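**Student:** Take a look at the following structure, please.
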Amino acid sequence: MTEEAFDVVVVGSCMTDLVSQAPRLPKAGETIHGHKFFIGFGGKGANQCIQAARMGAKTAMVCKVGKDFFGENYIQNFKDNGVSTEFVGQTVDSATGAASIIVNDAGENAIVIVAGANLLLGGEDLRRALPALSRAKVMVCQLEVSPDTSLQALRLSHENNVKTIFNPAPAIPVLDPEFYRASDVFCCNESEAELLTGVAVASIEDAGRAGQELLRRGCSSVIITLGSRGCVVLSAQEPSSPSHHVPTKPVTTVDTTRKASDQPTSLQQKREQAENE
């Protein structure tokens, strides 16, 4: 069992992305030709963990994958990115989570997600990871695993004075009130904020009002991301202060499903090597 103190521990999901690029999205029952296919590494939790590692943080991932080729490939990807895999579990009871993604030439997409082994991550896995969770500087979790598991991770971290960041995505309409109270940083996008608070978020000012509602529910601080408009930030330490708007630099969207690094997966590398032999 590890005695290491990590900067960031992420409790969350791993998804193998099976991505097809085509001129347009197919209609129901239609078969069309695509022009590119690749396999990538996805899942909100895994993406956040690897990005933290690439920014220099000492990271560990608490997750579950299948005892299959995609699972083995995912574990190797964590190792390749400097992420501790001590708390990455494997199961024979379900396949590694997968997302089938079609992207058209306009950058629009259609996605089908099968959570698979992600939904088997539970309390026993968290207890095994408690030495890392209790000593981390930051714990991050989301809702692509069982909500009960995410809430338990928040509780354990909070009890051990570990800073918690909760990303309520994909959002669910009714969230246990304890999620708000156990979140030092509650980070959501505008549609998630609207679903959770009932406040329509069409402007920066609307986001501020939704953020105030989230503070009233017990969050220590709130970040609402607004895509190209940046984000708004609110703190319970300054409840009467207006929200702070942080703008972002405009960019041209190419494809929101691609990751920060378009590196080939081990599977792709093996296929390319075979073709070159």
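Yeah, the Cβs are placed from backbone N, Cα and C, and that goes for glycine too.
TrEMBL: automatically predicted annotations, no manual curation.
Keep in mind that this is a model prediction, so the values were computed, not measured.
Reproduced below are the annotations present in TrEMBL:
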- M15, T16, D17, G43, K44, G45, A46, N47, E144: substrate binding site (BINDING)
- N189, T225, L226, G227, S228, R229, G230: ATP binding site (BINDING)
- Q237, T253, T256: K(+) binding site (BINDING)
- 7-257: domain 'Carbohydrate kinase PfkB' (DOMAIN)
- 237-277: region 'Disordered' (REGION)
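Looking at the shown structure, can you explain where the listed features end up?
**Tutor:** K44 (substrate binding site): 21 other CB atoms within 10 A of its CB, across all protein chains.
Long-range C-beta contacts of G227 (ATP binding site), restricted to its own chain and to partners at least six residues apart, with a cutoff below 8 Å, comprise N189, E190.
Sequence-distant contacts of Q237 (K(+) binding site), defined by Cβ-Cβ distance under 8 angstroms and a gap of at least six in the same chain, are S220, S221.
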**Student:** Taking N189, T225, S228 as the binding-site residues to compare, which has the smallest set of other Cβ atoms within 10 Å?
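**Tutor:** Counting other Cβ atoms within 10 Å of each of the binding-site residues N189, T225, S228 gives the minimum at S228.
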**Student:** For the domain 'Carbohydrate kinase PfkB' (7-257), report the average pLDDT of the model, please.
**Tutor:** 94
**Student:** Which of D17, E144 (the binding-site residues) has the most other Cβ atoms within 10 Å?
**Tutor:** E144
